[in-house]
Every structure is written in structure tokens, then in C-alpha cells.
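A.B. asks: My structure is below; once you've seen it, I'll send some questions.
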Amino acid sequence: MTPDAGVYAYSAVLMGSPILLKLFEDNQPLAAQVFRLIKQQENLFTVNRADSEVMAINHAAGRHPVVVSEPVFALISVAHAVSLLPNSAFNFTIGPVVKRWKIGFQGHEVPPAADIAARLRLTDPHQVILNEAERSVFLQQPGMEIDLGAIAKGYIADRVQGFLRQQGVQQALINLGGNVQTLGCPPHDAAGWGIGLKKPFGREDELLGVLRVQGKSVVTSGIYERYFERDGRCWHHIFDPRTGYPLDNELLSITVISDRSIDGDIYTTLLYGMGVEQGLAYLADQPELDAVFVTRDRQIICSSARHFSFNPLDAAWQLRY
Ligand code: ADP
Ligand code: MG
Ligand code: MG
């Protein structure tokens, strides 16, 4: 806990990321409850530990359906629907590909093409059978694996926001490492919460600019978060489900500004697959969403500024709306 102009910041390391909670009163017990809630949710969804509900589904692949708790069924239903959208870059059955590359973990490597092709055959979301009445999930092929890494943090950020609201908190920020969700506006800053946009491949404290939001979620997904370099290329953790290789386009990062963090998490992946041009066209019809695209040729492209403002800090990058 560190007081800073009336701000009380609490931190923890959960879900493999530093977690930050900002409140405007000193309330350690509340912070502890928030961290417990995150931990409990992580335990349901993680694929990095053998005993989660999601891993129970994966272990039973090709054998039998598994009955899961309501939140797990609900999140899987959303992930399933998004994965089935036409041309979706989001595929929650990407697990076998993710596990083969091991990006961000010991033993990462560029797998032989034949291996990738074999794994891709296990990533068909049509082969996931959801039974709403039983609340069960069945992966039809042995070796199939669900991975909720692209959506779970957003869901959890929204859960934390809901919990804080229920506790009567009116102003707060939770940062789950790339997923920021906010409540209200900081009391001494009418411009809103300041959220740094990181310089891709820069130092931790190097920012391209600061976004300002009020009561919105800000989710960033970038190729510089988890990657390794080999053969002069950057192999990162956002995969193209059509090829089994990391998505390769003009983008370095995408930030989505939305009401719900789960939407931000989903759309960062979907928009990554669309790229800038198609993404901007798509967003023109989505009044609830804004996005900031950061490209390899040093542009920062904002879809609009309906739900945020942006203060650039690095003159080497060109800002466009
Ligand atoms: P993070 O916040 O950890 O950077 P993202 O929201 O960007 O996560 O999602 C990346 C994670 O999602 C990967 O680590 C992997 O577990 C999973 N993933 C990778 N590619 C896809 C994809 N195309 N569709 C769905 N999930 C994916
Ligand atoms: Mg994320
Ligand atoms: Mg995501």
C-alpha cells in the first residue's frame, strides 16, 4: 500500500502478471478480498495447472463430457460463439498450438511445419459440444484443448469491477496486466484515469502516450508482451488460427476501449486478425468500441475518440485519427 495524492495502490502477482488495484481509501481488507476473488477465478480457468475445471475438460477430450460450474460454462459459451464467427481470428480451441510453441515458457521453439499442421487439425471449434441443460462441455477429438487465455482476464476484470461496485466503491482501477478496468473517475482528475500506452519493445517505463478514460475498460494486446526471436523474426503469442503461426501483419499492438473488459479482450484478438484497414472499417459500425492500433511503421491510429482521449508523448510516432 502506497498513498499518493489520496490514491491507495495495492499489488500482487496473480495469473503470471503483476496485478494493481487503486482505491481512494485505505482498505487493505477489501484489496485482500479482490485478490482472493481473482485467485479463485484463475483457479477455474487456468490451463497452466492440472486441477482447474478447464483442464478437467481437456483431460477428458475424446472420451466424455465434463460438467462444469456456471461461470466456466458461461465463459466457454461466449468463447465458443466468438470462435465460430465467420473469419474469426479468435479460436478458443487453439490450445494444442499454444502448447506446442510454448511461447513465454521454457522450451519455446519454432515447431516443424508438419507438427503445426497436425496440431491445427485439433483446433476446430465445431468439435466442441456444449450441453446447456447439463452444463457440460465435450471435446470430441482426443488431444483437443481449450485455452481461455485471450478472454479470461477480461472476464475476471469485469467480475472485480462488479464486486467493487457491490461493495459501494465508486472510484477504482484494476490492472490485471494488459487488462485495465475502471470504476468512475479519479476524484482529483476530471480528465479521467490515465493509462499508459507502452512503447512496443521499449523499456517498461517508455510510453507512446497516455489514454484517458472514465468508467471504461482498456485492454492492450501486443506482440512484444510474450515472444522469442529466432531466424531474425519475432515469434509472439497471438496465433493465427488459420495457419498455426503467430499472426503476421503490420501491427505491434492493439488497444480496445469498451465498457466491458471481456469485450476488450475478445476484440483485441479479433481486430488483430483484421489488421488496420479492415479493423477501422469494422469499428465504424461499432459505436460502443474504440481502438488504438500501433503499427510497425510507427503510426498510432485511433478509430475515433468517442470513449477516450489520447495524449501523445513520443514525437517519433505519427498520430492519426
Ligand atoms: P495476454 O493478455 O496474456 O497478452 P491476450 O488477450 O493477448 O493475452 O491473448 C493471448 C493468449 O490467448 C495466448 O497466450 C494464448 O493463450 C491465447 N491465444 C493465442 N492466440 C489465440 C487465438 N487466435 N484465439 C484465442 N486465443 C488465443
Ligand atoms: Mg489479454
Ligand atoms: Mg485478449
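Positions of Cβ are set from backbone N, Cα and C atoms, glycine also.
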A.B. asks: ASP265, THR269 bind Mg(2+) in TrEMBL, but which of ALA133, ALA150, ALA152, ALA157 does that record place at the same site?
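C.D. replies: Same Mg(2+) site in TrEMBL: ALA150.
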A.B. asks: What kind of secondary structure is ALA150 (Mg(2+) binding site) part of, going by DSSP in three states?
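C.D. replies: DSSP call for ALA150 (Mg(2+) binding site): coil, neither helix nor strand.
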A.B. asks: Cβ within 8 Å of the Mg(2+) site centroid (ALA150, ASP265, THR269 excluded): which residues?
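C.D. replies: The answer, listed by sequence position, is PHE90, GLY149, ILE151, GLY154, VAL219, SER221, ILE266, TYR267, THR268, LEU270.
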A.B. asks: Enter the number of other CB atoms within 10 angstroms of the CB of THR269 (Mg(2+) binding site).
C.D. replies: 26
A.B. asks: Reduce the DSSP letter at THR269 (Mg(2+) binding site) to three states and note it down.
C.D. replies: helix
